[in-house]
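As written in Swiss-Prot, here are the features:
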- 1-21: transmembrane segment (TRANSMEM)
- 50-70: transmembrane segment (TRANSMEM)
- 76-96: transmembrane segment (TRANSMEM)
- 112-132: transmembrane segment (TRANSMEM)
- 140-160: transmembrane segment (TRANSMEM)
- 176-196: transmembrane segment (TRANSMEM)
- 200-220: transmembrane segment (TRANSMEM)
- 225-245: transmembrane segment (TRANSMEM)
- 250-270: transmembrane segment (TRANSMEM)
- 300-320: transmembrane segment (TRANSMEM)
Amino acid sequence: MIFVYALLALVITFVLVPVLIPTLKRMKFGQSIREEGPQSHMKKTGTPTMGGLTFLLSIVITSLVVIIFVDQANPIILLLFVTIGFGLIGFIDDYIIVVKKNNQGLTSKQKFLAQIGIAIIFFVLSNVFHLVNFSTSIHIPFTNVAIPLSFAYVIFIVFWQVGFSNAVNLTDGLDGLATGLSIIGFTMYAIMSFVLGETAIGIFCIIMLFALLGFLPYNINPAKVFMGDTGSLALGGIFATISIMLNQELSLIFIGLVFVIETLSVMLQVASFKLTGKRIFKMSPIHHHFELIGWSEWKVVTVFWAVGLISGLIGLWIGVH
């Protein structure tokens, strides 16, 4: 049956994207490109965005089918809440951007507050309905050390979900980059889930994986559609949630290493400019730095995918040992 769920997720996305693209074009829901960005990106102006709606809809439909036919699918209900919650924040952000015809959507404060709200509701639902057995301790990779957080674990959950939601969002700046890295990441978490005996979470990861495989052909260079914040914020939130539900939180540092590096590059760039007036990179996130030193977009994407695959395998090894 897992094969059926995977095929359903793949087909729904693959069919929906070519239906959605002309609709988005007709509604003029095109991406605005930063003027200070690489000049090679200016030709992407007007490319339809909000494509994440397709794979999110695929995930929701397929997951509902699983919930109907699979016993003990409660973890999937919780993951669906996170998917829809973070996806809705991204959708609102995208909608404001395309209506205003600029690259500014929700304010940072509005976005953070909404994300924090989803994270807190996730924790409350998990506890009230006993859907997650929180360890409240963080296990340090390669050691037998576990750091007890007690009530501070709630703060960690909020930080983890909000942080990775925005990390994937920052990474989604090149054609196919975030999609490919997410495919790698969900592959690792699918394997980890089945090894750890978390079948429902494993099935959800398979659904994520194949829904994104249906989206990738339309998103690789030259992209016919972008996932937008609708997709990227949801993906990051889901990654963090899965790592929490598996009690393998720090495995995400490796499985999502490229997302972490991209985020750190932005933080370092901002800090350096504020403190010294100088920039460390030609542009951040760091994928733009490599473009500006002469790498083609496709080279940056494939190298980052390779890094994501290697670090993802390390994260998988950490999670199953």
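Yeah, the Cβs are placed from backbone N, Cα and C, and that goes for glycine too.
Note: the stretches the transmembrane segment (250-270) and the transmembrane segment (200-220) are not in contact (fewer than 3 CB pairs below 8 A, sequence gap of 6 or more). Contact count against the transmembrane segment (112-132) (Cβ pairs under 8 Å) is highest for 76-96, out of 1-21, 76-96, 176-196, 200-220, 300-320. Residues 1, 5, 8-9, 12-13, 16-17, 20-21, 24, 29, 76-77, 79-80, 83-84, 87, 90-91, 94-95, 98, 200, 203-204, 207-208, 211-212, 214-215, 218-219, 225-232, 234-235 of the same chain sit 6 or more residues outside the transmembrane segment (50-70) yet have a Cβ under 8 Å from a Cβ within it.
Tertiary neighbourhood of the transmembrane segment (176-196): same-chain residues 168, 202, 205-206, 208-209, 212-213, 215-216, 219-221, 223, 227, 231-232, 235, 239, 242-243, 246, 248, 251, 255-256, 258-259, 287, 300-301, 304-305, 308-309, 312-313, 315-316, 319-320, selected by CB-CB distance under 8 Å and a gap of 6+ residues from either end. Sequence-distant contacts of the transmembrane segment (1-21), counting only residues of its own chain at least 6 positions beyond either end whose CB sits under 8 Å from a CB of the stretch, comprise 48, 51, 53-55, 57-59, 61-62, 65-66, 69-70, 203, 206-215, 217-218, 224-225. Beyond the transmembrane segment (76-96), the same-chain residues lying 6 or more positions past its ends with a Cβ under 8 Å from any Cβ of the stretch are 29, 49-50, 52-53, 56, 59-60, 63-64, 66-67, 70, 104-106, 111, 114-115, 118, 121-122, 125-126, 131-132, 161, 165, 169, 200-201, 203-204, 228-234, 236-238, 241-242, 245.
If one looks beyond the transmembrane segment (140-160) by at least 6 residues along the same chain, the residues whose Cβ comes under 8 Å of a Cβ in the stretch are 116, 119-120, 122-123, 134, 240, 243-244, 249-254, 318.
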